[in-house]
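Asker: Have a look at the structure that comes next, please.
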Amino acid sequence: MAMYGGQIHLIIGPMFAGKSTELIRLVKRYQIARYKCLVVKYEKDARYGNGVRTHDNTCISAVPTASLDDVESISEHVEVIGIDEGQFFPNIVSFCERMANAGKVLIVAALDGTFQRKPFTNICELIPLAENVTKLNAVCMYCYKDASFSKRLGNETEIEIIGGSDKYKSVCRKCYFF
């Protein structure tokens with residue numbers, strides 16, 4: 001296993017910040033450069049079929065899975081691995097470290113915090129292992145300033161509720177408390 005050349009690129013931020021768009025852009029750039037790429041998406045997010053699709057309908061083919069262990073064998077045959085909705089994979093830290101140490105480039109798009117502004121611990125643990133961390137902001141859907149947080153609409157308290165603008169709004173600090 002190669003111990004050099006691999007890297008982890010982490011893209012974090014709230015809902016609607018463009019994390020999946022940036023993931024797709026980076027993977028497509030590697031594809032143009034003729035790298036073998038694999039994109040993985042969270043299996044329970046079935047809103048857009050078998051691809052990773054942005055809120056503005058940009059799409060890339062992806063393998064749906066509930067566990068990154070399930071894609072480890074096909075990961076051996078690629079050089080770049082894109083992971084969307086990284087916060088939903090409990091073993092993302094060990095998987096990314098293993099793959100990067102094997103010489104692979106990992107591009108992970110993930111929420112950094114819950115709708116309660118609590119950290120996704122697995123993503124926070126990935127930060128010191130990443131060569132590059134990009135924190136994106138969205139636009140506050142109430143006052144149109146920079147938005148760093150995701151606010152859930154409705155009264156559900158579970159952390160994992162898949163949805164788009166029907167379930168969440170991106171908000172700034174001030175509007176989070178409205």
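Every residue, even glycine, has its Cβ placed from backbone N, Cα and C.
As annotated by Swiss-Prot, active site, proton acceptor applies to E85. Look at Swiss-Prot and you will find G13, P14, M15, F16, A17, G18, K19, S20 tagged as ATP binding site. Feature annotation from Swiss-Prot assigns substrate binding site to F115, I159, E160, I161, I162, G163; the stated evidence is similarity to another entry. The Zn(2+) binding site annotation in Swiss-Prot covers C140, C143, C172, C175.
Distances, neighbours, how buried they are, the whole picture for these features please.
Answerer: Look at E85 (active site, proton acceptor): DSSP puts it in coil.
Secondary structure at K19 (ATP binding site), as computed by DSSP, is helix.
A coil conformation is recorded for F115 (substrate binding site) in the three-state DSSP classification, outside any helix or strand.
According to its DSSP assignment, C140 (Zn(2+) binding site) is coil.
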Asker: Find the one among the recorded positions A17, G18, E85 whose C-alpha lies closest to that of C143 (Zn(2+) binding site).
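Answerer: Closest candidate to C143 (Zn(2+) binding site), judged by Cα separation, is A17.
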Asker: Express the distance between the Cα positions of F16 (ATP binding site) and C175 (Zn(2+) binding site) as a whole number of Å.
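Answerer: Distance (Cα to Cα, whole Å): 16 Å.
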Asker: Hey, which of the binding-site residues G13, P14, G18 is the loneliest by Cβ count within 10 Å?
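Answerer: Selected from the binding-site residues G13, P14, G18 on minimum Cβ neighbours within 10 Å: G18.
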Asker: Within 10 Å of E85 (active site, proton acceptor) (Cα to Cα), which of the binding-site residues A17, K19, S20, C140, C172 do you find?
Answerer: K19, S20
Asker: DSSP on G13 (ATP binding site), three-state: which is it?
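Answerer: Reduced to three states, the DSSP call for G13 (ATP binding site) is strand.
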